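S.K.: Mind having a look at this structure? Questions to follow.
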There are 4 protein chains.
Amino acid sequence: MEFEESGIGEECGVFGCVAAGEWPTQLEVAQVLTLGLVALQHRGQESAGVVTSNGASPPIYTSHKGMGLVSSAFPPEALLKLRYGNLGICHTRYSTTGMSELQNCQPFVVDTLHGRIAVAHNGELVNSRALRKKVMRHGVGLSTCSDSELITHLLALTPPMEELDSPDWVARIKNLMSETPTSYSLLIMFKDVIYAVRDPYGNRPLCLGRLVPISRLHSSGAEEEDTEGWVVSSESCSFQSIGAKYYREVLPGEVVQISRHGVKSLSFVPRPEGDLPAFCIFEYVYFARPDSIFEGQMVYTVRQRCGRQLAIEAPTDVDLVSTVPESATPAALGYAQQSGLPYMEVLCKNRYVGRTFIQPNTRLRQLGVAKKFGVLTDNFAGKRVVLIDDSIVRGNTISPIIKLLREAGATEVHIRVASPPIKFPCYMGINIPTKEELIANKPEFKDIAGHIGADSVKYLTVEGLLSAVQEGVTSFQEENNSKRVGHCTACLTGKYPVELEW
Amino acid sequence: MEFEESGIGEECGVFGCVAAGEWPTQLEVAQVLTLGLVALQHRGQESAGVVTSNGASPPIYTSHKGMGLVSSAFPPEALLKLRYGNLGICHTRYSTTGMSELQNCQPFVVDTLHGRIAVAHNGELVNSRALRKKVMRHGVGLSTCSDSELITHLLALTPPMEELDSPDWVARIKNLMSETPTSYSLLIMFKDVIYAVRDPYGNRPLCLGRLVPISRLHSSGAEEEDTEGWVVSSESCSFQSIGAKYYREVLPGEVVQISRHGVKSLSFVPRPEGDLPAFCIFEYVYFARPDSIFEGQMVYTVRQRCGRQLAIEAPTDVDLVSTVPESATPAALGYAQQSGLPYMEVLCKNRYVGRTFIQPNTRLRQLGVAKKFGVLTDNFAGKRVVLIDDSIVRGNTISPIIKLLREAGATEVHIRVASPPIKFPCYMGINIPTKEELIANKPEFKDIAGHIGADSVKYLTVEGLLSAVQEGVTSFQEENNSKRVGHCTACLTGKYPVELEW
Amino acid sequence: MEFEESGIGEECGVFGCVAAGEWPTQLEVAQVLTLGLVALQHRGQESAGVVTSNGASPPIYTSHKGMGLVSSAFPPEALLKLRYGNLGICHTRYSTTGMSELQNCQPFVVDTLHGRIAVAHNGELVNSRALRKKVMRHGVGLSTCSDSELITHLLALTPPMEELDSPDWVARIKNLMSETPTSYSLLIMFKDVIYAVRDPYGNRPLCLGRLVPISRLHSSGAEEEDTEGWVVSSESCSFQSIGAKYYREVLPGEVVQISRHGVKSLSFVPRPEGDLPAFCIFEYVYFARPDSIFEGQMVYTVRQRCGRQLAIEAPTDVDLVSTVPESATPAALGYAQQSGLPYMEVLCKNRYVGRTFIQPNTRLRQLGVAKKFGVLTDNFAGKRVVLIDDSIVRGNTISPIIKLLREAGATEVHIRVASPPIKFPCYMGINIPTKEELIANKPEFKDIAGHIGADSVKYLTVEGLLSAVQEGVTSFQEENNSKRVGHCTACLTGKYPVELEW
Amino acid sequence: MEFEESGIGEECGVFGCVAAGEWPTQLEVAQVLTLGLVALQHRGQESAGVVTSNGASPPIYTSHKGMGLVSSAFPPEALLKLRYGNLGICHTRYSTTGMSELQNCQPFVVDTLHGRIAVAHNGELVNSRALRKKVMRHGVGLSTCSDSELITHLLALTPPMEELDSPDWVARIKNLMSETPTSYSLLIMFKDVIYAVRDPYGNRPLCLGRLVPISRLHSSGAEEEDTEGWVVSSESCSFQSIGAKYYREVLPGEVVQISRHGVKSLSFVPRPEGDLPAFCIFEYVYFARPDSIFEGQMVYTVRQRCGRQLAIEAPTDVDLVSTVPESATPAALGYAQQSGLPYMEVLCKNRYVGRTFIQPNTRLRQLGVAKKFGVLTDNFAGKRVVLIDDSIVRGNTISPIIKLLREAGATEVHIRVASPPIKFPCYMGINIPTKEELIANKPEFKDIAGHIGADSVKYLTVEGLLSAVQEGVTSFQEENNSKRVGHCTACLTGKYPVELEW
């Protein structure tokens, strides 16, 4: 299901790039940035922004922001404007607050006593209300409601700025991390470096990649000296499209400095004793692109394992397994493999429907989401179908699909959901409908199958999901909490990794 | 492969709608038309046009045309303008000639002595050059290079117009059909009727549907009196999204009149004795949406049969079968079913890449089409893969994909193509690269596997394709050539259904 | 008064250019054309179009059309597209029919048996209805309601086209002129020449200019060999901005051929015995730019003479003379000079108001046209003012201005109009409100002063206008009607130069 | 001369409106604001912004900003969004710094501990560099380079914000005024009031108006109870177009509170002992609209007096006086009146040329500014002309005009400039070319007549200008410096009203 139907969505993607070696660089940094951003477009379609620096002393920063998709927000003249950048950060955004104005676009750039900094943020500060009050009490006026502006002011305020040569950004970043536990993956650009920061709980993803000559892209023995630049991204899926090799994750609590000389781990800010990491489990279930790698494993593979686990937990006696295209396909194939049932396509999607603003009239509105799908009748007429979906949020999209299949000849339609029911709001960067809108909190959930018109409905258990996810985790925080695995399941269980309004 | 890569594309889609019963109608005809057109968007993305008529005497015609996708060409005010239509025709277009100007958009509307007519055309008249000369010799000036304008003038010229009450359009249409054998599927709107015309060879598709109350959409016993309107479309896939039921094909050589009173077959123009029908086989192989129905069979099913046939003709000893997403998937699943090999996904597509106009720099251009795909490494690393594609046109897109898979760990990559090599140009409405650009005509075709870096490459035979297609044909021309099956394979065999420049 | 207030407007402007000497030319023809068109923008703001030809055999034509002002309709890429033109014609248009669609834009280009021709037309054929029927009876379909398309078909039809080498355009043009007496100033481009045609009554203006090196622009002795190109334009005001020298008018009934070799008068089509020329007198009164030259005299000077004549016919006992800016200023200065009264400005115009689409609310709507003007109180408070206007069409714009002046302290406000009352419709290319809307046809016209709140209102007489205009006419038709002067005053007198529906 | 030619321009206009009486108001505040802004468009064409408040507790603020003219920046949906405003402020801007991005648009809105404030600023703080450092030392990050953001932070910082009920904005404003002497005319909106502030030197204009029922607009006895709203504006010319009556100026150093209950003078911040007011004299000479009122006199009248003074100081023996349209016309008429010479128009302007982006080619570039003008030859051929201009900045625009007149037959062309030569930069809100670009600082200025091709060139003296301006001043600062008159002539004399970098 796409965002507009599911009502659940990622809020942001961040991306950065630093050209290696001598500057001015041969690497066209602005193009790497925008193409990297295109690959993160699924994480936010409302606005996009890029800030580059030439890295000189004092640096010249150039920025471009625009509403809509990267493709429309970045016309050729925007790239021309940005072409002298030797490093830069960028951001794509979906707004939860309705303040979808250009001025809320990130990255946020401010002048401080020690120079200009730019900040791009993925996540949501759990204690932002208290922090806003704090900076305003200091006399600061806040011109936007974005956490990103708040973060820049927090960085500028403590320790108090003096007219010293060095602003000691690392101390400032560590101080910031001591004031807010989660959730943030941050890129902070100052002059000629980017600081990549991930909160101690590792709630939002962040990983590093290395740009190498395209010719050596796939040779395993590429040496360090080949490096043309370093990139940092919310998801590794962006590396493929710019010709970068996956390097490693930024670990929970880690502060990494990326410069023309390479990547350097500067510091680890620990979690409170006893707390586990809390990487958002919905990145695996739904948000991330299937070819991204988190914690050492490919998202596609995790989804396939969820499908296998679901087949074990909730088998069905049917003739074929199918998918609600496109995001549930890996789980459906996993279910088919585990169950031994044949996999068939039963729906095909009209990829142009979503983009039109033709308002269907009353008559056509009754068709609901069905008008986005064509039915492949021959594949299932007269047969019993189990349809795998990745999640059911409000329940209003699966229902017309079931009706469609039934009317086209399916004798039974069973629904298996490759994740547990969503019951709780997220305060850490995910846009989820209000508690009242979630089908799992409604009275009709007791007879969900009857409600949506299915022969049966079953969900993956929280334990099943966790085991499918954690089975393959291979990357760990090195310093103080090594080999400990944990994920945020707050939207499923109501157990938040930190107290809210910390 | 998408159009921009394959270089092969459909030129047009046509769609029409007539509200049934009393006028002014409750049916929002303009919305049905535009949503129907959206469902045909894969047949032409360059421009879109709609003309509606209120059906009165004299009729008021309203039109709107725009460049680009239907979604951008039809803003809300355009729909407002069209809202009094009780019937209408529309058209989506891809230009082969480079004259991508608004004035070439269809439908074409002209005033004649007997009133205004509107024409929408899918196809390409084989003898257009001679016909253009003919009408110009008559003193007519042609303001566009579209066949559509030519057709309107041919309709107006013969028999000579007199100031009679009735223009006898059917006689005019039959005369037109006697002057040009193929290829055309035409919608001609005059006052309160639409004439749907398919050339005697049935080269381009055209089918009829019936709008019923959404609530009765899937009840099998819906009576005629339920009918809210009649629709006619290049492909039946558009019926799903507007809530219409498939009715039947317009048959080769048939002239159908669609009015508020229903659908009426007026005439059949026969082919020359001995000639078979010549429906374009590439509609099955590549162009049409998989959920469309031609000749009584679903396109998806035909593609699956092509995959099965391919598995019989060209088996491989590998570990898994996969697809180049998304159009080759039915063939890949068919190949897997027939061969008993497991089906796995190896590539995932970044659906945003295609839309950006960020010009990749020299460095990134080397990535080629690979930057559109993410590799699902876990699914195939260390394994032997057979990759099914639907067609290979110029050969420059499959090559980087093979490289990608190999470098990500595939031990063998075999290519199986679910259609025969394309060797000849099409003069009947399909945009195919020049003969010189087609890989099948190049010297390197002899060692195509070596050229594209595959372990082996095999194509479906023409016989295999024809048998996969013709196995399920169940709809036939009723009048004079009944039960005879035939398809145009000109681009594969060089055998054109009629002499060119007829 | 601007068009939107007066409701009276010119419909079109035409412009053409042929580079002299060797082709490809150094002269940037596309830029000359568009800048020439900008200078004719006051004659039509709704759409603009340019067609160029490279003049080769066969010629390559390139066209660009767009809605709105030339400045927005011709972005840089449009000029790029047109850059290989060695000659071209262009057109700017205001639509009277409401069919303001791009397809109605001129120039109109059609393919004929003898090649492609392009036509740009200023005027309105008095017998277009009959002519449309005629070509449609011939079987031609008309795709627009513009006279321009009609003209191309008339040119193509007679004499019947044969596959001869030469189409003999001059014979065709003369035939066209025999079928319709007025009103048209036409530019017809064919391959490497432009034919400039003016109807026998000379109803619409058309004149010729010569492009010379800018350095020699103002030297009086510039020789023919300096000529860089030839231009033809509705008004000579366009010559200044492209560096052309005024050459001469195209005379009534004349057909001029413009080629790289120069300008050649080909033919004169006479008027019926006894008929006088009928150049539109409102070109002098209102439409034309003041620096344009018609019939050997500058428009500004004619307007000044109208003001002088008005002072003689309708003197006032006041303290100062002023103008409704900006078009009435020459007449006001003439009135002041003749009467010996001081000239003062009393209003200043807010040039940005006209461009906004902010809909004033009910409250502000009461301000009417007054919100476009600032009052220069100091200049007239406590004084008696005579305000000169060029014409009063509907009477709803002068009334709030009078109120404004009075309330700001004018003790008396007298209105003198430098043209007679408009009472009749124009069928020859001018957009005039319906007879019922014209103030001169309303009952309240009897007490027009009372109705608009003036102390007195007086108009120039038809005789006074004619004498002011004809006093300075120095250019005459050379052939058969020489030295005879006449003007069309149909909108003032109801005397049309030809019978309508000829 | 328009801005693009003269290279000299105003930077900003500000406008505000508060509906009187009960809220929600009948007054459509958003429309008043935007139409008011349109009337200030000559003060800035680069961007426009509006912020409205509903005035409730807590207030809801709505804003819209856009690039370009008000007409394009405020489409109907923007006005819809703003429609619940009961008060609001707006701003139009021309950027001097090249940072023409949307985020620099004003008004600037920030959240403070005591609520949200909005600030619009016309002027330039002479000590902004020091003030920026000061707030940044406090830990504040500045996200734009606009003084407006700086002002909001200065307001928020002192006195330190506490969580009290009342922020005491007046104390904060007075503190701000104590930190920066000039130049600023400020509108500060907080909840339900607007504070209108003018710096102690009165360098930038600001005045108050009263909205009355349109029907009573011009009745002199309108009572206070008629008041529908209060407006505040950079120039009184905006009052005419929204139906407001001029009320009075905001005086130098004054803080005025505007609320639904009316206008209240809160405070006067004095200048240092001995300093005179320093209202920018170029507002009179060039920037302001002629119908605006400053210091009790109409700008048009002052310009006319400058022309009279010029005729006394620099008489000529010629046949006629004329103007470079349009801004120099009042001075030219004054010159004509004083000298007794006849006034004639010699140039007419093509008002569409300025808007086109057609780049003239090399050939046409030689025409220079001349291509914007048509010559009215008849009025001056064979005569001696004195041409009045309002100012000569770089000298490159008058030169082609002189050439034009001469070549069209003027026997002598004398230039008289109704202001002294500009020699020094402005640091108080006016955009002036660099010292090196000013013709008055170049060696060729010694023979300026020879350089520009005139027979003679003479300028108004500084004393002449001051006497022409100060003769009519009737509004004075009431409190401490009453009846003292002074104007900033820094760009002419180098005498700045305060030390720079105060």
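From the backbone N, Cα and C atoms, a Cβ is placed for every residue, glycine too.
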S.K.: A:Asp389, A:Asp390 bind Mg(2+) according to TrEMBL; which of A:Ser322, A:Ser327, A:Ser456 goes with them?
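M.R.: Site partner of A:Asp389, A:Asp390 for Mg(2+), according to TrEMBL: A:Ser327.
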S.K.: Among A:Cys237, A:Cys280, A:Cys306, which residue shares the [4Fe-4S] cluster site with A:Cys426, A:Cys488, A:Cys491 according to TrEMBL?
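M.R.: When TrEMBL describes the [4Fe-4S] cluster site, the candidate it includes is A:Cys280.
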S.K.: Could you measure between A:Asp389 (Mg(2+) binding site) and A:Cys12 (active site, nucleophile) for me? Cα positions, answer in whole angstrom.
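M.R.: If we compare the Cα positions of A:Asp389 (Mg(2+) binding site) and A:Cys12 (active site, nucleophile), the gap is 24 Å.
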S.K.: Among the binding-site residues listed here (A:Ser327, A:Asp390, A:Cys426, A:Cys488, A:Cys491), which has the Cα closest to the Cα of A:Cys12 (active site, nucleophile)?
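M.R.: Ranked by Cα distance from A:Cys12 (active site, nucleophile), first place goes to A:Cys426.
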S.K.: Same-chain residues six or more away whose CB lies under 8 A from the CB of A:Cys280 ([4Fe-4S] cluster binding site)?
M.R.: A:Ser183, A:Asn203, A:Arg204, A:Pro205, A:Phe287, A:Met428, A:Gly429, A:Ile430, A:His487, A:Cys488
S.K.: Could you give the Cα-Cα distance between A:Asp390 (Mg(2+) binding site) and A:Cys491 ([4Fe-4S] cluster binding site), in whole Å?
M.R.: 15
S.K.: With an 8 Å cut-off on Cβ-Cβ distance and a minimum sequence separation of at least 6, pull the same-chain contacts of A:Cys491 ([4Fe-4S] cluster binding site), or say none.
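M.R.: Those within reach of A:Cys491 ([4Fe-4S] cluster binding site), by Cβ under 8 Å and sequence separation of 6 or more, are A:Phe282, A:Ile422, A:Lys423, A:Phe424, A:Pro425, A:Cys426, A:Ile430, A:Ile432.
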S.K.: Could you name the residues, excluding A:Cys280, A:Cys426, A:Cys488, A:Cys491, of the same chain that surround the [4Fe-4S] cluster site, i.e. Cβ within 8 Å of the Cβ centre of those residues, in sequence order?
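M.R.: After dropping the recorded site residues, what remains is A:Asn203, A:Ile281, A:Phe282, A:Met428, A:Ile430, A:Thr489, A:Ala490.
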S.K.: Have a look around A:Cys12 (active site, nucleophile) and count the other CB atoms within 10 A of its CB, chains all included.
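M.R.: Result for A:Cys12 (active site, nucleophile): 25 neighbouring Cβ atoms inside 10 Å.
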S.K.: For each of A:Cys426, A:Cys488, count the other CB atoms within 10 A of its CB; which of these binding-site residues has the top count?
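M.R.: Max Cβ neighbours within 10 Å, all protein chains included: A:Cys488.
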S.K.: Within 10 angstroms of the C-beta of A:Asp390 (Mg(2+) binding site), what count of other C-beta atoms is obtained when all protein chains are considered?
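M.R.: A 10 Å sphere around the Cβ of A:Asp390 (Mg(2+) binding site) contains 24 other Cβ atoms.
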